[in-house]
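Undergrad: Before I ask anything, here is the structure I am working with.
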Amino acid sequence: MAIGGLISNRNFGSFIGSGNGFQNERGTLYQRLGINGTKSNALCRSHKSRKISPLQAGLQHELGHRRGFQCFLPPTMDSRFRFRNNIKVNRFRAHYKSEESDITEGVVDSLPSADGSAEAVLVEGNLQNASPWWQQFPRRWVIVLLCFASFLLCNMDRVNMSIAILPMSQEYSWNSATVGLIQSSFFWGYLLTQILGGIWADKFGGKVVLGFGVVWWSIATIMTPIAAKLGLPFLLVVRAFMGIGEGVAMPAMNNMLSKWIPVSERSRSLALVYSGMYLGSVTGLAFSPMLIHKFGWPSVFYSFGSLGSIWFLLWLKYAYSSPKDDPELSEEEKKVILGGSKPREPVTVIPWKLILSKPPVWALIISHFCHNWGTFILLTWMPTYYNQAWSSASLYFPMVEYSYRQVKRLLSIVLKFNLTESGLLCVLPWFTMAVFANIGGWIADTLVSRGLSITAIMQSIGFLGPAFFLTQLSRVKTPAMAVLCMACSQGSDAFSQSGLYSNHQDIGPRYAGVLLGLSNTAGVLAGVFGTAATGYILQRGSWDDVFKVAVALYLIGTLVWNLFATGEKVLD
């Protein structure tokens, strides 16, 4: 049976074969049905809700009653829809709306029946709920998941050098100074494109810039073993090139989410994307040693770098810089995203004087510096802290980054843990940050939905939480408590994703990329200077002095943030 009526071709053929009789009867039908070129709803009462074209409605329904084979449109029926032109076949119970605005024209086609006759089938029309679930998944969250995947790849490609540098240094006879130079060369390019990435994203769209960044750093990752074989200068250039690609990732992502994500979902979406970075570190630390052991250190760069091509194909197919560019975005979701406002045109001129004259912008820059000082110290000097604070030998290793094997060996010897436990400790801060970033995002969006401001609350937790737990490190008596304090410090630090890192979109959504580029430049400089300053302090003081500096900057950041930061738009 088919929607549109069971119309026998034999009966209908005998009817139209009557020549003039058909013309007269057709005229009578048109008069009775009121068909004059407009859409009609002339069906019996039980079928009033079914809408097809005027000629179908009149001929099928009237002929059904007059020729004696009953009405073509029973009230409800399980029907088979045949969709032509590459549209899928689906079986379901049909229900149609009755509003006049939803009337659509159908097209009747023949479908062979069981007895060999042909039946009329509605093959085109306004069919509700016909698309599979993956096509009904919100388009804005497709963008979020793709950004999450790009950040996952970002940190996977970044941490692989920290692991591969050990067999590389043995093969090429690099000393510790050369290793440090190679590790730092990444930041040469990374610093260069922070602000430029924001400007490009605001002008040309986040899709172009983030896609460029992933392809660029993926190629640089694949080229790393080749450059290493050619010589140290080539390797330094390739690592700087990789930093150029990764430097545009955060500004471009921020630009896209500022256009795609409504305020009520902003914190959780940003938390999910940034947790991709933390999980990328976990993934890189987990799989790189196995790849090196089985296939050699070049396999890490080839395998991780090739994943970027898969991501890029998905990015080209599903990503758009703004909702207005997506032809498949539904009107309902567009209303949710835009909230009644019209999408803005891409930025052509950056009003630098206006941006730098706003106190909330400077609150972002200063707070980002204060935040990253403590964060980089915890992430880069943590193994050294474990060694110096808990080892009887009290050795000093002035290294910025440690390989996975070195960390496992260090922790297993110094903290008296087995290798499994030390491996867990190596990634524990990253796991903690990923979990608490998403928890903080959901809390923040819940508060926003209830009309509460989260600007001060979330970032205050992100500053005061780490400050508190760092002060407790001088009082702990066991390595396990030290690890717990570190994990809690990083967990509370992750609340900054719903405070500092979402504020760029609050105060200037049109310039979100530029704002993040500005503040993250300060954050990267804090990491560079903070790492160097920590080594200088340890040569003349103790770990308590290092933590006191970090705590002081956390307190300064808290003060500046609560005095000058705002969640209101200040740049239009």
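Placed from the backbone N, Cα and C atoms, the Cβ positions cover glycine too.
Quantities reported herein were computed from a predicted structural model and do not represent experimental measurements.
Among the features that TrEMBL reports, domain 'Major facilitator superfamily (MFS) profile' is placed at 143-569. Per TrEMBL, transmembrane segment is recorded for 141-161, 181-201, 208-228, 234-257, 269-288, 300-320, 424-444, 450-471, 511-534, 546-564.
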Undergrad: Do any residues, 6 or more residues outside the transmembrane segment (141-161), come within under 8 Å Cβ-to-Cβ of it, and if so which ones?
TA: 182-183, 186, 210, 213-214, 217-218, 221, 224, 239, 242, 246, 249, 253, 256-257, 260-261, 269, 272-281, 283-285, 288, 300-301, 304-305, 307-308, 311, 314-315, 318-320, 401
Undergrad: Would you report the average pLDDT that the model assigns to the domain 'Major facilitator superfamily (MFS) profile' (143-569)?
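TA: Averaging the confidence scores along the domain 'Major facilitator superfamily (MFS) profile' (143-569) gives 84.
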Undergrad: Would you kindly check 269-288, 300-320, 424-444, 511-534, 546-564 and say which stretch has the most C-beta pairs under 8 angstroms to the transmembrane segment (181-201)?
TA: 511-534
Undergrad: Which listed stretch (269-288, 300-320, 424-444, 511-534, 546-564) has the most C-beta pairs under 8 A with the transmembrane segment (208-228)?
TA: 300-320
Undergrad: Could you give the residue numbers and ranges of same-chain residues that sit at least 6 residues beyond the transmembrane segment (269-288) on either side and whose C-beta is under 8 angstroms from one of its C-beta atoms?
TA: 140-141, 144-145, 147-160, 163-164, 253, 257, 261, 300, 304, 404, 426-427, 430-431, 433-435, 437-438, 440-442, 444, 494, 497-498, 501-502
